[in-house]
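As written in Swiss-Prot, here are the features:
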BINDING   H64, H93  heme b binding site
DOMAIN    3-147  domain 'Globin'
MOD_RES   S14  phosphoserine
MOD_RES   S51  phosphoserine
Amino acid sequence: MVHFTAEEKAIIMSLWGKVNIEEAGGEALGRLLVVYPWTQRFFETFGNLSSASAIMGNPKVKAHGKKVLTSFGEAVKNMDNLKGAFAKLSELHCDKLHVDPENFKLLGNVMVIILATHFGKEFTPDVQAAWQKLVSGVATALAHKYH
């Protein structure tokens with residue numbers, strides 16, 4: 001279980017309140033699909049994923065990215081119980097979707113990159129450390145149901 005200090009929680013919550021969920025979510029999922037093309041196999045119904053520009057402009061990628069980042073908001077609200085907050089999503093991704101849990105780590109790292117690009121100098125090393133801890137905790141929580 002990940003333990004967050006009061007300062008880390010404040011840092012995460014402060015930045016989260018400024019995140020444009022739709023924009024950052026689409027960018028994060030799009031970047032994941034471009035940088036790690038093998039992840040595209042989980043999104044075969046999304047249509048054209050043939051190039052970086054096709055992926056980044058794909059409305060289904062943007063919509064699902066928003067959904068992913070919206071659910072990530074549950075992590076921000078439940079930092080003290082990430083495992084519980086993501087139990088159902090862990091089960092879905094393990095039992096039904098068969099997503100390799102390593103992909104959760106990749107998406108988390110991409111998310112940190114997106115936040116850094118969006119917030120620039122405001123994304124200090126302390127902010128990055130807190131967010132890296134959160135995305136790592138979420139990846140672990142999502143991987144919980146895997147055997």
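Residue numbers in this text run from 1 along the chain shown.
Positions of Cβ are set from backbone N, Cα and C atoms, glycine also.
Computed from a predicted structure; not experimentally measured.
Confidence in the domain 'Globin' (3-147), given as mean pLDDT, stands at 87.
Shown for the domain 'Globin' (3-147): DSSP residue counts in helix, strand and coil, namely 114 helix, 0 strand, 31 coil.
When other Cβ atoms within 10 Å of the Cβ of H64 (heme b binding site) are tallied across all protein chains shown, the result is 17. Annotated pair S14 (phosphoserine) and S51 (phosphoserine), C-alpha to C-alpha distance, rounded: 35 Å.
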